[in-house]
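According to Swiss-Prot, the protein carries these features:
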- Ala10, Ser11, Gly12, Gly13, Met14, Asp15, Ser16, Ala17, Thr18, Ala19, Ala20: ATP binding site (BINDING)
- Cys190, Cys198, Cys201, Cys204: Zn(2+) binding site (BINDING)
Amino acid sequence: MSAKRAVVLASGGMDSATAAAVAHNAGYEVYMLHTSYGQQTEHKEHECATAQAAALGAADFLHLTTDHLSKIGASSLTDDEMAVADADMESDEIPTSYVPFRNANLLAMATSYAEANDCEAVFIGAHSEDFSGYPDCQPAFFEAFQQTVAAGTKPDTEISINAPFVDWSKTDIAERGLELGVPYEHTWSCYRAEAPACGTCDACAFRLQAFQNLGERDPIEYAERPSYT
């Protein structure tokens, strides 16, 4: 009997690296998909995603490059004219780092990749602290996209959209990843810089807070390492 297969959207960050480990631990052959879409730290993210795939022994690693999201703009991740804001961990506003409808674009590519390779699942590392600010990280979005996949693929295709951390905090993810031996030294979260991480953008803040909550030291280098606990 052939092993079950899953595509993992591999951003290079700690959430997707942990999602890949969870999929692998559940018995899936992992097909990792990394996309460069014009984000400011795309080279570092690609480097990290490649290292993660090697460490996990991924069955395949696909790197896609697309520029339409950066041409559309309206996000500080892709638009040089928009500054990446300092961390505001209490805000309920949609942050400037939101890339309009990005996850639908990425999941569409992942579904194509999955169907072409007879994969039965797609994993994405979105979590509860994401959907407080990003509308395309909400459980309702993934439920709706699941219906789109069912309607838009071949009749005999069955692909489940899995967001295993959708009810988890960043701390929960870090704790599980440490249990699974995720190489967090080969992950990147910073929105601003490729080395060292800034330590003060939203992504750095939530990441540092997760490790601090667990009493662990984040293994990557930071320009600043504030306390977020």
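Using N, Cα and C of the backbone, Cβ positions are placed for all residues, glycine too.
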> To test your reading of the Zn(2+) site: which residues beyond Cys190, Cys198, Cys201, Cys204, same chain only, put their Cβ within 8 Å of the Cβ centroid of those residues?
Replying inline: Val84, Ser189, Tyr191, Arg192, Ala193, Ala197, Gly199, Thr200, Asp202, Ala203, Ala205, Tyr222
> Sequence gap of 6 or more, C-beta under 8 Å: which same-chain residues meet both conditions with respect to Thr18 (ATP binding site)?
Replying inline: Gly125, Phe165, Ile173, Ala174, Arg176, Gly177, Leu180, Val182
>> Please report the distance from the Cα of Ala20 (ATP binding site) to the Cα of Cys198 (Zn(2+) binding site), rounded to the nearest angstrom.
In response: 25
>> Restricting to the chain of Gly12 (ATP binding site) and a gap of 6 or more, list residues whose Cβ falls under 8 Å of its Cβ, or answer none.
In response: His34, Lys44, Glu45, His46, Glu47, Cys48, Ala49, Gln52, Thr187, Trp188
> Which residues in the same chain, at least 6 apart in sequence, have a Cβ under 8 Å from the Cβ of Cys198 (Zn(2+) binding site)?
Replying inline: Cys190, Tyr191, Arg192, Cys204, Tyr222, Ala223, Glu224
> Once near-sequence residues are set aside, which residues in the chain of Met14 (ATP binding site), 6 or more away, have Cβ atoms under 8 Å from its Cβ?
Replying inline: Ile173, Ala174, Gly177, Val182, Tyr184, Thr187, Ser189, Arg207
> Non-local Cβ contacts of Ser16 (ATP binding site) (under 8 Å, 6 or more apart, same chain)?
Replying inline: Val8, Leu9, Ala10, Ala49, Ile124, Gly125
>> Residues other than Ala10, Ser11, Gly12, Gly13, Met14, Asp15, Ser16, Ala17, Thr18, Ala19, Ala20 within 8 Å, Cβ to Cβ centroid, of the ATP site?
In response: Val8, Leu9, Ala49, Gln52, Gly125, Thr187
>> Using Cβ atoms only, which residues of the same chain lie under 8 Å from Cys201 (Zn(2+) binding site) while being at least 6 residues apart in sequence?
In response: Val84, Ala85, Asp86, Ala87, Ser97, Cys190, Tyr191, Arg192
>> Given a 10 Å Cβ-Cβ cut-off, pick out the one of the binding-site residues Ala10, Ala20, Cys190, Cys204 that has the most other Cβ atoms nearby.
In response: Ala10
